[in-house]
Each structure stands twice: as C-alpha cells, then as structure tokens.
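One structure is given here, and the rest of the page talks about it.
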Amino acid sequence: MLKKKHWGLFAASVIVMLLIVLRCLRSYDAAPGIFWKRFQIILLFEVYIAANCFYGIRRLHDFIYRHRLILCILLLMFCVANKFNNSSITMWDFYIEPGKGSQYIHPIFGNPRAIRSDEWMVNVPRMMSGYFASNYGKYNDIVMAAKFSNLSSSGFFRDYGALAVPHAYGYYLLGPEYGLSFSWSFRMIFGMLFSFELCMMISNKNRLLSLLGASLIWFSPFNMWWSISQPMMSCIASIVLFNYFITVENWKKRFIFGILLALSGADFIVGLYPAWQVPFGWIMIGFMICIIISNWDNIRNFRKADWLVFVFCLCFMISIAGRYLYNELDYIAAVGNTVYPGKRVSYGGFSLLKTQGYLAAVLSIFNYSTNPSEMGCFYCAFPLGFILLVIQLIHEKQKNIFHVMLVVIGSVLTLYCSIHLPKMIVKLFMLTYSTPSRAVDVLGFLSVLALVSSLSSMYNSHAKLDMLSSIIIASGCVIPAVIISIPLVSGNKNILAVYVLGIITFVSIMLLIHDGRIYVRKYLITFATACMAINGLLVNPILSGTDVITTKPLYTVIRDIVKKDPEARWITLDDSVYSQYLISCGARTINSVNFVPNFELWKKIDLENVFRDVWDRYAHMAIHLSEAERFDVRLNYPDSITVDVDEKSFEKMDVNYILSVKPVMDKKWEDKFDNVYEENGLYIYQVKK
C-alpha cells in the first residue's frame with residue numbers, strides 16, 4: 001500500500017503543474033502552439049514525479065539506468081519532432097521588425113542571450129547560407145559574396161567527410177529547421193549521457209556520485225554559456241567509447257563501439273579549435289593509456305576478429321577525418337596566415353583566478369555585468385578534488401593509476417595557467433597552440449573529475465577527514481572564491497548571494513569529506529545535482545524552429561529579390577549585425593562576418609595593402625559611406641573592423657543592394673540609390689547602374 005507522503009507529493013506536484021498551466025493559458029489566444037508545447041514539457045516532468053510517487057524512487061531510477069540509451073533516443077525524437085532547440089536566435093526579434101512574424105518568434109521557455117552572438121548571429125545564419133547556396137553542396141557564394149567552399153563558409157558540406165560531425169547529420173537529412181533542433185538536442189542529451197558514463201568509470205560505478213559529476217560538467221556555466229563545448233563532448237565520448245571498446249567481449253558489440261569511437265574521434269580531430277583541443281587531447285590520451293594498462297590482460301586475449309575490427313575502425317576514423325580536413329585545407333591555410341587568430345601563440349601565464357569565480361558564474365543567469373561566457377567555469381571548489389587525490393595517493397599502498405594521471409595532467413595545466421614556462425617545455429606539450437585563458441577551462445573540467453574520483457575512493461574505503469583538516473581544506477577552497485567572485489557581480493543582492501553560496505558550499509564540503517553518515521551524503525548529492533541541472537538549463541532558452549528569421553516580412557522581401565536577382569551583391573550600412581540576417585535569407589552579402597580575409601575584395605579597394613594589418617583577420621565588418629573622399633579601415637576590436645568607403649572604392653565593390661536601419665540622407669550618396677523598400681524602420685536601396 002502506498003504511503004501517504006507519496007500521495008501528498010503527487011497532489012502537490014499536480015497543484016503546481018495546474019498553476020503553471022493556468023499561467024500559460026493567459027497567452028493561449030495569441031499563441032496556442034506555444035501553449036501546447038509548454039504543456040508537453042510540463043507533462044513530462046509531471047509523469048516523472050508521478051512515477052517516483054507510485055512506482056518507487058529506487059525502482060524508477062533502476063529502470064532509467066537500465067534503459068538509459070533507449071530513453072535518450074526517445075527524448076531526442078520528442079525534441080526534434082517539436083523542433084526544440086536552445087539557440088538564442090530570438091534575439092533577431094529585437095533587431096528585425098520586433099513583434100512581426102509567427103507565434104514562434106518567442107521562446108517556449110527562458111530568455112535569449114544577447115552575449116551569445118557567435119551562436120545566434122554568426123553560426124545559425126552561416127548554416128542557413130550553406131543551405132541556400134547549394135543545399136550544403138560544395139561551394140557557397142553567399143557569405144562575403146565570394147566563392148568559397150561551403151565547408152569553410154558555413155561549416156557544412158554534404159560529403160563523405162560529413163560523417164566526422166555526428167551532431168550535424170540532422171542538417172543534411174532534415175534541413176535547417178529540424179537540423180538545428182537535432183544538433184542542439186543530440187548534444188544536450190547525449191553529452192549528459194556520456195558525462196555520466198565517464199564519471200561511472202572513475203567512481204567505481206557510483207550512480208549518484210556520477211550523476212552529480214555529470215551535472216557539474218554538462219550543466220556547468222562554462223558549457224552552457226559557450227553553447228556546448230564540442231571539443232569537451234567529443235573528448236568525453238571518445239574516452240567512454242574507447243573504454244567500452246576495450247572491455248566488451250563480444251566482437252559484434254566491439255564493432256559497434258568501434259564505429260562510434262571512430263565517429264567521436266574524428267569529431268574531436270576536425271574541431272579545429274586548438275586552444276581547447278590540445279589540453280582536452282592530453283586528457284583523452286591520459287585516460288586511454290590508463291584504460292589500456294588497466295585492461296592489458298583483456299587486450300592480450302584479443303582474437304583475430306577483434307584486431308580486424310580495431311584496424312577497420314581506425315582506418316574509418318582516419319578516412320572521414322582526413323576527407324573533412326582535405327575539404328577544409330584552404331580555410332586552414334588562410335586562418336593560419338592571418339594576424340588574428342592565426343599568429344597567436346602562448347607560453348603560459350596567470351589565469352587561475354578564473355577557477356575561483358565559480359560562485360559568480362552560477363549567478364550569471366540572473367546578473368552578468370561582465371562577459372558570462374568568458375567567466376564561465378566549473379562549480380568544483382577548485383582545487384578540492386586535487387587536494388583529496390593527493391591525500392589519497394599518499395595513503396594508498398597500491399596507487400590508483402587514474403588518480404596518478406589526473407594529478408599529473410592537472411599539475412601541468414596548473415603550471416601553464418600560473419607562470420610563463422620555458423618555450424621548450426610548452427612546445428613539447430603543444431600548449432603553444434592553446435592559451436592560459438582557455439586551458440584553465442580544461443583544468444576546471446579535470447578538477448570535477450578529480451573531485452568525483454576522490455570522493456568515490458573515500459566512500460568506498462569508508463574514510464573521512466578529521467574536523468580540523470576539513471575546515472582548513474574547505475576554507476582554502478571557498479574563501480578565495482568569495483573574494484574573487486564579489487567584484488564579478490553587481491548589486492547588493494548579488495553580493496549577498498555570493499556570501500550565501502559561499503557558506504552553503506563550505507558546509508557542503510564539510511559534509512562530503514567529514515560527515516560519515518551515508519544518508520546525509522545522498523541527500524546532499526541529490527540536492528546539489530538538481531540545483532546544478534536547473535541552473536544550467538536556465539542559461540539558454542527553449543524555442544521551436546527558426547520562425548524568428550523566416551516569418552518576418554523582411555525575409556519574404558529579401559527572398560523575392562534574391563530569386564529575381566540571385567547574383568546581386570548586398571551590404572548593410574554602419575552595422576555588422578544586419579548583414580548576418582541577409583545571409584540567413586540567402587542574399588550574397590559582402591560585409592557578412594569575414595571568417596577569413598576576403599582577398600578578392602581587398603585587392604580591389606586596398607591595392608597597396610595599406611590596411612592589411614587591420615583587415616587580415618577574422619572580423620565583423622561594418623561599412624560606412626564616407627562623406628569625404630577618403631578610404632579608411634579601422635580596427636574596433638581584435639575581431640571587428642569598420643570600412644569607410646568613398647565613391648571610388650564603392651564602385652569597385654560592385655554593390656547592387658543596400659539594407660540600412662536609417663534612410664540615406666547625404667545628397668552625395670542619395671542620388672546613387674533607389675528606395676525599393678521602407679517598412680518597420682528598415683530600408684532597402686537598389687544601387688543605380
């Protein structure tokens with residue numbers, strides 16, 4: 001017979017659900033579709049709570065654990081069917097005809113994040129340009145109105161090498177709208193699953209502790225504010241799949257894991273962001289060495305079929321990664337020769353303070369006076385995990401090889417993020433391709449793994465630290481975090497929140513490393529897991545589709561012009577945001593983000609390379625019609641330039657259409673254009689030829 005508390009919890013959850021549904025009903029008439037999508041999400045949570053009440057917490061979570069892969073696939077299908085994604089593209093409603101369009105120009109839940117402009121303003125429009133250019137064919141002449149490979153311009157090319165990026169499969173099979181949903185949903189769902197599996201490896205299969213570790217990793221401010229770190233996900237997936245590949249005994253299962261490992265390994269290789277790839281790569285190599293050593297007897301018993309599977313999967317990985325990189329050779333060469341970011345090298349420096357900003361980082365969903373992406377880190381009470389590991393290594397008679405590996409790699413990264421190291425040492429570890437400000441993110445990730453592994457070992461040995469040691473360690477991990485986090489937030493309420501979080505973190509550490517009561521640890525870990533997951537999920541919005549781009553009246557106008565004049569070249573004036581909207585409509589736009597220097601353009605307007613140090617970079621590009629007879633290129637930021645064009649240089653640019661947020665009033669320029677559209681504060685001009 002069910003206990004009353006189960007009925008009470010269920011009744012309370014139903015009341016809360018009904019209150020939320022009633023709140024959502026207020027907007028039913030204006031947005032019935034949004035209401036029903038909200039209702040589906042709310043109902044999923046209610047079903048989960050009801051299952052806990054009537055099926056039993058332990059039985060339910062055993063069921064979820066046993067069928068976790070199937071449940072993840074079903075959840076992915078549910079999200080894609082509803083076109084759910086976590087993009088901040090609803091920011092376009094603030095720029096393009098606010099309020100105009102379908103009901104889905106608004107999020108289902110949450111708020112768009114303007115600070116994630118690389119995601120909503122750069123990546124999504126580039127993706128859509130690749131579709132309009134040639135349905136993800138070989139070439140793209142929309143971005144920068146110049147012919148580049150589609151892989152370089154948009155990140156997509158329907159080719160054998162496309163197998164190297166699994167989260168992009170949806171774009172090729174389902175198109176931009178469902179593809180965006182597949183990309184986000186696949187990474188969110190399976191990234192969490194792989195993080196859980198990795199923590200299971202290092203926690204002696206402690207499910208609750210692994211769930212905490214997975215939440216600390218996947219829902220971290222670092223991962224959520226960076227709209228999911230692809231190098232981190234492919235690194236985690238490769239480690240987990242390699243472990244399964246080595247440990248399973250059935251060659252058919254080994255073949256499946258080998259293929260999946262080849263895909264994740266290729267995904268890591270083609271990521272082309274060495275600032276994160278190099279340190280994550282060392283972690284991946286370290287884990288693989290430990291897995292090989294730990295399972296050496298199993299490897300020695302590999303049969304001929306097993307080695308054939310290994311060779312086949314290795315060749316498969318090399319072939320798809322090699323094909324992908326071959327298709328992108330021109331882009332790699334072009335970026336490598338730029339002033340920024342191509343010439344960037346680093347030999348270490350102090351960036352450890354970022355690891356101590358975790359209290360402010362988790363508050364960034366409510367307040368971000370600074371850049372939350374740059375200050376995003378892992379809530380891991382650095383260096384708690386490494387301190388506990390060192391203590392255990394001192395007392396361990398038989399050293400845990402994973403503990404040794406975590407401490408060694410952690411020490412190298414800590415040194416690199418602390419001081420300027422000799423060039424020979426940095427080059428040996430290939431860290432010249434990284435930077436301390438990026439390597440410190442990977443150090444935070446490693447710190448979470450160290451924490452999970454050390455706590456697992458403590459609990460398995462029924463060990464706990466004495467009161468004095470616990471106080472010293474907890475104070476050393478929390479007090480610096482409070483001091484460093486306070487300047488990162490603004491307002492008395494947020495400062496108070498930092499102090500409160502600091503106290504909660506201090507008490508939590510004490511309970512985890514000193515209190516030996518199992519039920520206290522379980523409740524604390526469960527509560528911390530839930531809080532971290534909720535905090536992470538609140539960073540990015542949930543929305544459906546790409547209507548905020550495709551249902552605007554301006555979109556229809558631009559598409560009509562493009563269909564009539566597909567070779568027309570466009571620019572925007574005094575702005576580098578609206579140019580990205582143009583490419584998402586399929587318009588060939590000169591001043592869309594220059595992912596590499598547009599040499600075809602600069603050879604025409606900067607004949608003597610006077611401004612090469614300014615434009616030879618990845619750059620957001622604004623164009624200003626100069627009132628004087630003067631051509632100039634100004635550097636605003638390392639990735640932003642403004643081009644002042646005179647009549648002569650304008651003619652060389654061969655512009656056909658102009659999109660502007662204000663009318664062209666200057667007589668010198670006004671006579672050169674015909675106004676063909678003027679609605680909702682936006683103007684389209686056709687250049688007289």
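Backbone N, Cα and C atoms are what each Cβ position is placed from, and that goes for glycine too.
TrEMBL entries are annotated by machine, without manual review.
Feature annotation from TrEMBL assigns domain 'DUF7657' to 66-456.
Mapped onto DSSP classes, the domain 'DUF7654' (549-688) shows 43 helix, 45 strand, 52 coil. Positions annotated as domain 'DUF7654' by TrEMBL: 549-688.
Annotation source TrEMBL lists transmembrane segment at 7-28 (among others).
Annotation source TrEMBL lists transmembrane segment at 69-85 (among others).
Positions annotated as transmembrane segment by TrEMBL: 178-196 (among others).
Within its own chain, the transmembrane segment (231-248) has Cβ neighbours under 8 Å at 187, 190-191, 194-195, 197-198, 201, 217, 223, 254, 257-258, 260-261, 264-265, 267-268, 271, 273, 276-277, 280-281, 283-284, 287-288, 291-292, 295, 298-299, 313, 442, 445, counting only residues six or more beyond its boundaries. Residues or ranges marked as transmembrane segment in TrEMBL: 231-248 (among others).
What TrEMBL lists as transmembrane segment is 255-273 (among others).
Positions annotated as transmembrane segment by TrEMBL: 279-296 (among others).
The annotation transmembrane segment is assigned in TrEMBL to 308-326 (among others).
Within the same chain, residues 216-217, 220-222, 355-356, 358, 361-362, 403-404, 406-407, 410, 414, 443-445, 447-455, 457-458, 465, 473, 476-478, 481, 505, 509, 513, 532 sit at least 6 positions outside the transmembrane segment (378-395) and bring their C-beta atoms closer than 8 Å to a C-beta of that stretch. Look at TrEMBL and you will find 378-395 (among others) tagged as transmembrane segment.
According to TrEMBL, the transmembrane segment annotation covers 401-419 (among others).
Under the heading transmembrane segment, TrEMBL lists 440-459 (among others). Listed as Cβ neighbours of the transmembrane segment (440-459) (distance under 8 Å, sequence separation of 6 or more from its ends, same chain) are residues 198-199, 202-204, 206, 209-210, 212-213, 216-217, 220, 222, 229, 232, 276, 279-280, 283, 351-352, 354-355, 376-378, 380-386, 388-389, 392, 400, 402-403, 406-407, 409-410, 413-414, 417, 512-513, 521.
Annotation source TrEMBL lists transmembrane segment at 471-489 (among others).
Same-chain neighbours of the transmembrane segment (525-543): 41, 84-90, 104, 106-113, 116, 208-209, 211-212, 215-216, 218-221, 223-225, 227, 362, 364-365, 379, 508, 512, counting only residues six or more beyond its ends whose CB sits under 8 Å from a CB of the stretch. TrEMBL lists 525-543 (among others) with the feature transmembrane segment.
Stretch with the largest number of CB pairs closer than 8 A to the transmembrane segment (279-296), among 69-85, 178-196, 255-273, 308-326, 401-419: 401-419.
If you look at the transmembrane segment (69-85), the same-chain residues 6 or more away from its ends with a CB under 8 A from one of its CBs are 37, 40, 108, 170, 174, 177-178, 180-186, 189-190, 193, 542-545. Here the domain 'DUF7657' (66-456) returns a mean pLDDT of 92 for the predicted model. Long-range contacts of the transmembrane segment (401-419) within the same chain: residues 202, 279, 282-283, 286-287, 289-290, 293-294, 348-352, 383, 385-386, 389-390, 392-393, 426, 429, 431, 434, 436, 439-440, 442-443, 446-447, 449-450, 453-454, 457, each at least 6 residues beyond the stretch ends and with a Cβ under 8 Å from a Cβ of the stretch. Packing against the transmembrane segment (308-326) from elsewhere in the chain are residues 151, 159-165, 245, 251, 254-255, 258-259, 261-263, 265-266, 269-270, 302, 332: each is 6 or more residues past its ends and has a CB under 8 Å from a CB in it.
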